[in-house]
Amino acid sequence: MIKLLKIELKKINLKSQIISLVVMNSIVLLLSIFTSTLLADPSSEVNPTGVAVQLTTSELALLITRAVLIVWQAILIVQIIIEEYKTKTITVLFTYPYSKKQLILVKFLLIFLLTAAFAVFSTLFQEVSIYLLSQRLAFVSFASESLWSLMIVLISNICLGFLPLFIGMRNVSVIATVVSSLVIVVIGSNSQASPTGLLGIPIVSLFLGAVSVILMIMTYRSMLVKEI
């Protein structure tokens with residue numbers, strides 16, 4: 001299994017992924033600080049209601065980060081699974097001395113591990129950066145969240161991020177995979193139920209994650225019998 005993971009990992013430009021991750025987090029941090037400052041100002045043009053929005057900089061940063069990571073995960077799904085099925089290059093893997101179950105499970109595991117690593121790094125980056133800045137800058141606000149809540153939301157969102165795989169594999173479509181992730185982001189970032197969006201509510205996130213796991217299992221089974 002470890003050998004298979006290494007083979008799959010070589011297909012990804014990890015250095016480029018890490019650089020992009022750092023750049024993405026830096027942009028999210030700056031955007032969160034700028035946006036939360038405007039939203040907190042009742043006289044701001046982007047806040048026509050004239051009421052300060054009760055959303056801290058750290059909450060806004062996590063909301064944006066979760067949204068970006070779902071799309072990021074969809075892109076990983078495209079690179080690791082969808083494109084290989086679309087171009088039929090996955091047939092090369094099937095010549096290896098491993099079962100089809102192992103080959104597909106390794107791809108799922110790699111996507112999960114990479115997304116989890118990116119999510120943990122991003123969460124720590126945003127939380128630590130905003131906390132330190134809030135000690136120096138009055139317009140940067142920080143609200144601590146319980147570790148348990150963060151972990152539930154993080155894992156559930158990763159599971160939810162596999163939903164585009166279910167949709168994309170229906171017709172082996174790259175566009176359907178990416179577009180479905182954007183739809184999830186739009187719906188999940190809805191702030192009517194909570195300032196941090198639906199994806200930031202542990203119970204809702206857990207439920208959506210559980211549904212996605214069921215669909216992921218269905219996708220896995222269909223991939224086992226799918227003709228290339």
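Positions of Cβ are set from backbone N, Cα and C atoms, glycine also.
According to TrEMBL, the features are:
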type: TRANSMEM; residues: 21-40; note: transmembrane segment
type: TRANSMEM; residues: 60-82; note: transmembrane segment
type: TRANSMEM; residues: 103-126; note: transmembrane segment
type: TRANSMEM; residues: 146-167; note: transmembrane segment
type: TRANSMEM; residues: 174-193; note: transmembrane segment
type: TRANSMEM; residues: 199-220; note: transmembrane segment
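Long-range Cβ contacts of the transmembrane segment (21-40) within its own chain (Cβ-Cβ under 8 Å, at least 6 residues beyond either end) map to 46-47, 52-53, 55-58, 60-61, 64-65, 68, 72, 118, 121-122, 125-126, 129-130, 133, 139-141. Pairs of Cβ atoms less than 8 Å apart link the transmembrane segment (174-193) most often to 60-82, out of 60-82, 103-126, 199-220. Tertiary neighbourhood of the transmembrane segment (199-220): same-chain residues 59, 62-63, 66-67, 70, 104-105, 108, 149, 152-153, 155-163, 165-166, 169, 188-189, 193, selected by CB-CB distance under 8 Å and a gap of 6+ residues from either end. Outside the transmembrane segment (103-126) by six or more residues, the chain places 1, 4-5, 8-9, 12, 17, 21, 24-25, 28-29, 32, 58, 61-62, 65, 69, 72-73, 76-77, 80-81, 93-94, 96, 150, 154-155, 157-158, 161-162, 216, 220, 223-224 with a CB less than 8 A from a CB of the stretch.
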